[in-house]
Structure formats: C-alpha cells, structure tokens
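Copied from Swiss-Prot, the annotated features are:
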BINDING   N8, R19, G194, G215, F216  3-amino-2-oxopropyl phosphate binding site
BINDING   D10, H11, R46, H51, T101  1-deoxy-D-xylulose 5-phosphate binding site
ACT_SITE  H44  active site, proton acceptor
ACT_SITE  E71  active site, proton acceptor
SITE      E153  site 'Transition state stabilizer'
ACT_SITE  H193  active site, proton donor
Amino acid sequence: MTVKLGVNIDHVATLRSARGADFPDPLTAAKVCLGMGAEFIVVHLRGDRRHIKDKDIENLCKTYPGKIHLECAATKEMQDIALKYKPASVCLVPEFKGELTTRGGLNLNKKNFENISKITTNLQAKGIKVSLFINPAAEEVRLAKKTGAQIIELCTGPYSEAKTKKQQYKELEDLAMSSILGAELGLEVHSGHGLNYENVVPVANLEAMECLNIGFAIIAKSVFTGLAAAVMEMQEAVKERY
C-alpha cells in the first residue's frame, strides 16, 4: 500500500500572524504542496483563530475542492463552518484553551460520544467525510467506529516524544495493533502528530497505514530548503520501505 501524505500548513499562517501581516498566504503554500504530490492539505481552525482564519478555509475550499482536510473541535460553531465551506473531510480533535498544540486524542466518554456522533451524522449528510483523532488503543478504535466516522487518525505524539528506543517500540506496537483493528473494522487509518523526517519511516511501514498528516517538520525544514523541496523529501520518506 502506498502511504499518502497530508501536509498541514497551519504554521505558514503562524508566520503570518507573527507580524500581523497578510502574507505568507496559506493558499500559496497549498498550491506548492499539492504541486509536489501531497494528497491533501490539512488546516486546523482553532477557536482562538491563532493562525488559520475563517477566510483561509473559504479560500482553500473554493480553490481546491476535494483537497482540504479541516481539523477542528467538536462544537456547533465549527460544524456550521464546515457545513458552509464543505471541505473534503473534517477531523474532530480535542481542543483546550492555552495549549500550544493538540496533546492527545479525543475523550470518547458518554457525553462526548453523543455530541461527536451527532456532528458526524450532520457532516456526512452533506457529503463530508469524518475523521476522529484518537489515542492508539483498541477501545478507542471501537468507540470511533460506533460514532459512524469513516476515518481514524491515530495520535503519534507519544511515539514521537518517546525518550528511549524501548518506549518508542512499545508506542509503535500500539499504533500497529490499532491500525490493524481499524482496517478490520472498515475504517480508513491515518496517523499524525510530531512526526518528522527522522521518525516517520517506521510509522509509514505499518501494514494498515493509509495516510500520514505532517506539518511542523515540513514547514520548519522549508525555512532552509524551500517548501517544495521539504515536501518532496517527506514524500520520499513516507514511501521508504525497510
């Protein structure tokens, strides 16, 4: 299976926000990434609009229909924005005030489960595929399936942040088992969070893995190599086989 690459361009908008400017434009970044073979563009519209703005979502969805993967919290506000601009897919993620980045998967307890299931149904009714960002554990995969979501994105944060080879291997095993279970349940399996050029190959080699969503590492490298070269290098990494 050829693993697809989704490129998260949030930090192009972070650079724009650093000076309160109107550039660099995420739309230009999307053009470069798609031109270098990225399967789709990932953007996280946060409640505080710290980087990506509503207008970015509008422009991206109009310019690249079928290529925009929107990450957002499971709220009515975000549901309504998704229904308005109709990205190809939406990944529901946990979001907490003040966090620098998403720290883990969704809590699929009873209250959250009902809300997420409802939003999933509403988005799918308008032809938008739904993904859930979850921790790599069997129970989480099964609960995600029960919501009706078509995709799971397994959080690779613990794998990426592992301090020892032993811990990294253990986290990789969890990702492997969860990805296999997801595929057996008929779910499309993605992964992301903290992946970079040094640690991506083992995850890309997992049997059931279909897509990797990577942003910060690519944008950081692009400062030195240019965005096109950074995307190309990551494309080569996700296709590398043992």
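Using the three backbone atoms N, Cα and C, a Cβ is placed for every residue, glycine included.
Structural mapping of features recorded in Swiss-Prot.
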residue: N8; record: 3-amino-2-oxopropyl phosphate binding site; Cβ contacts under 8 Å, 6 or more apart: I41, V42, V43, H44, E71, G192, N213, I214, G215, F216, I218
residue: H11; record: 1-deoxy-D-xylulose 5-phosphate binding site; Cβ contacts under 8 Å, 6 or more apart: H51, G215, F216, I219, A220
residue: R19; record: 3-amino-2-oxopropyl phosphate binding site; Cβ contacts under 8 Å, 6 or more apart: none
residue: T101; record: 1-deoxy-D-xylulose 5-phosphate binding site; Cβ contacts under 8 Å, 6 or more apart: H193
residue: G194; record: 3-amino-2-oxopropyl phosphate binding site; Cβ contacts under 8 Å, 6 or more apart: T156, G157, Y159, S160, E161, F216
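Surrounding the centroid of the Cβ atoms of D10, H11, R46, H51, T101, where the record places 1-deoxy-D-xylulose 5-phosphate, the chain contributes additional residues within 8 Å, namely N8, A13, T14, H44, R50, I52, G215. The two recorded residues R46 (1-deoxy-D-xylulose 5-phosphate binding site) and E153 (site 'Transition state stabilizer') have their Cα atoms spaced 18 Å from each other. In the three-state DSSP reading, D10 (1-deoxy-D-xylulose 5-phosphate binding site) counts as helix. In this structure, H51 (1-deoxy-D-xylulose 5-phosphate binding site) belongs to neither helix nor strand by DSSP; it is coil. Reduced to three states, the DSSP call for F216 (3-amino-2-oxopropyl phosphate binding site) is helix.
Of the recorded positions H44, H51, H193, H193 has the largest number of other Cβ atoms within 10 Å of its own Cβ. Taking the C-alpha positions, the distance from D10 (1-deoxy-D-xylulose 5-phosphate binding site) to E153 (site 'Transition state stabilizer') comes to 18 Å. Among the residues N8, R19, G194, G215, F216 said to bind 3-amino-2-oxopropyl phosphate, no two Cα atoms are farther apart than 25 Å. Burial estimate for the recorded positions (E71, E153): highest at E153, by number of other CB atoms within 10 Å. For the binding-site residues shown (D10, R46, G215, F216), fewest C-beta neighbours within 10 angstroms: F216.
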